[in-house]
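Worksheet: the structure to be examined is printed underneath.
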Amino acid sequence: MLDSFMTQLEIVGNRSKCVNMLLWSIFGFGVLKATTLILRIMACFVDLFVLPPVNYSKYGSKNGNYCVITGASDGIGKEFAFQMAKRGFNLILISRTLSKLETLQKEISTKYNVKVEVLAIDVAKDSEDNYSAIKELCGKFPITALINNVGQSHSIPVPFLETDEDEMRRIITINNTATLMITQIIAPMIIKTTKESSKKTRGLILTMGSFGGLIPTPLLATYSGSKAFLQSWSSSLAGELKEHNVDVELIISYLVTSSMSKIRKTSMMIPNPKTFVASTLRNIGRRCGAQERYATITPYWSHALYQLAIVEAVGVYSHLVNYINYVFHKSIRIRALKKAARDAKKQ
C-alpha cells in the first residue's frame, strides 16, 4: 500500500517537473521574443533619429568619382541626381527622354559645379544596343556608385488574369531584366575603381524596392512579384560583393508623390521625392524600419514605423494584411475605372 502511494507521488512529481519545465520554456521564449522586439524598436529609433548623417567621402565623393542613376529624369531619380551632386559626385544619368536629361544636366552642372553625362535609352526595349551604349559611356569614367531607380508599375490596379500582356512584359523587363543587366555592367567598374583608389574607397549599389514587394499585393500581382524578386536578388548580391568593399542596399518605400504613384499631395505617410531621398541618403547602411532584413533599408520615418508595426504585429504574409491590401487597391481600381468612364463620355 505504502509502495503504491509512493509510486503515485513519484509520478505526480515527475509530471509536475515536466509542467514546470514547459512553463519555464514558454516564459523564456516570451522573454526572448519581447527582448528582440524591444531591441528592434530601439534600433529603429536610433537609426532614424539619433545617428548622424552618413559621410559619403567613404564612397569617393568630391574626388572625381561618378554615380550612375537610372530613371533619372523625373521624381525620385531626379532628386537622387540633385542630392548626389550636392554631395560631390559627378553623374551619369540614364533615362528615356533626352530633352529632360539635357535640361537636368545643365541645371545640376551649373548649380553644383560637377560633371554630368547623359544617356537617353528606353530600357523597356531589352536590346543589346542599349546595354552596349551604357557599357561604352560608363567605361570611360571612374564609378563608385550605382542607383537602380528605374521602375514601372501597372497603369491602375488590375486582376492578374486581366493584366495586359504588354504591360506585364514591360514591368518585368524594366524592374528586373534591365536592373540586373545594368548592375552586371556597372558593378565590375565600381570594383575596379575602388581597388585602384589610393584611399580606402568603398562602392555603393542602391536599388529601389517597394512596400509592394514587402507585402504581397493583390491587383498589383506582377509589380509586387517583380519588387519581391529585387529583395532576394539585392540581398544575395550584398553577400557576394561584401568582400569587394561594395555596399549593396535595397531601399523600401511606401507611397511617395510621383508620376508613377499618381499622388500629388503630401501627408505624414506620403513624402515628396526630395524629403524621401534626403532620408534615404542620410541613413544608408542602417536598416531603420527593415530591422529583420539584411542589406535593406526603410529610411523614411513613417514608412519605417509602419513596416515595423506590420512585421511585429501580424507579419507581412498574413491573411489579414493581404485582405486589407486587396480592399485598398480594389477601391483605387473602382475609382480609376469610374474616372476613365467619365473622361470617355466627355470626348
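Placed from the backbone N, Cα and C atoms, the Cβ positions cover glycine too.
Beyond the ends of the transmembrane segment (22-42), by six or more residues, the same chain brings 291-292, 308, 312 to within a C-beta distance below 8 angstroms of the stretch. Per Swiss-Prot, the feature transmembrane segment maps to 22-42.
What Swiss-Prot records for V68, D122, N149, Y223, K227, V256, S258 is NADP(+) binding site, and it gives similarity to another entry as the kind of evidence. Shown in sequence order, G75, I76, I263, I270, P271, N272, P273, F276 are the residues of the chain, 6+ apart in sequence, with a C-beta less than 8 angstroms from the C-beta of V256 (NADP(+) binding site).
Positions annotated as active site, proton donor by Swiss-Prot, on the basis of similarity to another entry: Y223. All protein chains considered, the CB of Y223 (NADP(+) binding site) has 25 other CB atoms within 10 Å.
According to Swiss-Prot, the active site, lowers pKa of active site Tyr annotation covers K227. Mapped onto three states, the DSSP output places K227 (NADP(+) binding site) in helix. With a cut-off of 8 Å between CB atoms and residues at least 6 apart in sequence, the same chain places N175, G209, S210, G212, G213, L214 near K227 (NADP(+) binding site), listed in sequence order.
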Q) Which has the fewest other Cβ atoms within 10 Å: N149, S258, the binding-site residues listed? A) S258
